[in-house]
Amino acid sequence: MRPARALIDLQALRHNYRLARELTGAKALAVIKADAYGHGAVRCALALEAEADGFAVACIEEALELRAAGIKAPVLLLEGFFEASELALIAEHDLWCVVHSLWQLEAIEKTPLHKPLNVWLKLDSGMHRVGLHPKDYHDAYQRLLASGKVSRIVLMTHFARADELDADATSQQIAVFEAARQGLAAECSLRNSPGVLGWPQAPSDWVRPGLMLYGATPFEVAQAEAARLQPVMTLQSRVISVRELPAGEPVGYGAKFVSPRPTRVGVVAMGYADGYPRQAPNGTPVLVAGKRTQLIGRVSMDMLSIDLTDVPQATVGSPVEFWGKQVLASEVAAHAGTIPYQIFCNLKRVPRDYIGE
């Protein structure tokens with residue numbers, strides 16, 4: 001069998017969820033959208049269900065997958081519904097629903113429902129993606145109550161720059177939210193992963209840890225609470241070929257690496273079809289046989305090359321770690337000019353093995 005695998009440590013996942021609770025004293029929705037950021041939504045939900053206050057996903061399809069797997073905990077639809085016909089399913093499966101636009105509010109008012117909805121009313125506090133304008137927020141809240149179709153309303157917003165610890169934008173968003181919710185008697189939810197780790201002043205009865213659940217930092221700089229996270233995924237494979245090259249020889253497509261010295265090259269069963277970033281440059285760190293080395297040459301669809309010159313013990317069959325507990329996903333992402341969210345979500349072909357059940 002091809003040796004490319006993703007090892008998922010469910011005990012680390014639980015540790016990170018508990019950390020979100022510990023840091024905030026709030027209830028926490030585990031964000032497992034996009035197949036739990038490439039970690040497997042159903043398995044992650046089953047691992048957390050005994051202690052999680054609920055889960056959050058992007059859409060009804062993701063929520064119904066959880067329900068089909070027997071997950072009975074609350075599930076919030078972060079994008080809400082896309083057409084009014086979904087409201088019956090939302091009510092039938094006891095899903096919680098974000099309302100971020102006036103058209104959604106109007107759909108709730110007009111659609112007959114056999115049971116009331118749990119609604120999270122989203123404010124656009126400055127990100128300008130989705131969310132109600134502050135001038136419409138009070139009226140939308142009152143209309144939801146008057147509709148008789150909601151059992152509870154939670155007030156929420158989403159931070160645009162909470163991963164920038166010195167940015168004023170997050171404080172400004174908090175101020176906009178606080179002004180908009182004046183006089184509204186409801187729980188609130190503001191803090192995503194960077195909000196949980198770095199913005200203790202942000203109010204939140206509910207928090208929404210996403211990236212931090214999987215043990216990756218949302219920050220580009222060192223941060224004390226993020227240092228307590230435990231990586232959940234280890235992306236690994238094995239060396240499948242070794243060759244010795246003299247100085248001056250090219251490696252891989254486009255000859256993007258030319259050996260500056262006699263070089264021992266290992267080829268590994270991992271490529272961009274597995275989700276490893278094609279744009280990762282020469283020098284991107286990897287771990288082989290327990291020792292750090294680096295990527296050389298362009299990443300191919302199914303294979304890539306690494307420098308084994310200073311790892312003489314490495315040979316065919318030696319284990320390779322691309323990210324995990326020793327090479328952090330955030331470090332690889334930074335080399336590749338992207339973010340850990342993306343490299344996790346891109347893992348489509350690699351089989352997952354679970355430990356820490």
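Just so you know, the numbers here start at 1 and follow the chain as drawn.
Cβ atoms are placed via backbone N, Cα and C, with glycine included.
These come from Swiss-Prot:
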ACT_SITE  Lys33  active site, proton acceptor
MOD_RES   Lys33  N6-(pyridoxal phosphate)lysine
BINDING   Arg129, Met301  substrate binding site
ACT_SITE  Tyr253  active site, proton acceptor
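Features per Swiss-Prot, on structure.
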residue: Lys33; record: active site, proton acceptor; contacts (Cβ under 8 Å, 6+ apart): Ala41, Ala56, Val57, Ala58, Cys59, Glu62, Leu78, Gly210
residue: Arg129; record: substrate binding site; contacts (Cβ under 8 Å, 6+ apart): His158, Ala160
residue: Tyr253; record: active site, proton acceptor; contacts (Cβ under 8 Å, 6+ apart): Gly297, Arg298, Ser300
residue: Met301; record: substrate binding site; contacts (Cβ under 8 Å, 6+ apart): Gly271, Tyr272, Ala273
Check the DSSP secondary structure of Arg129 (substrate binding site), expressed as helix, strand or coil.
coil
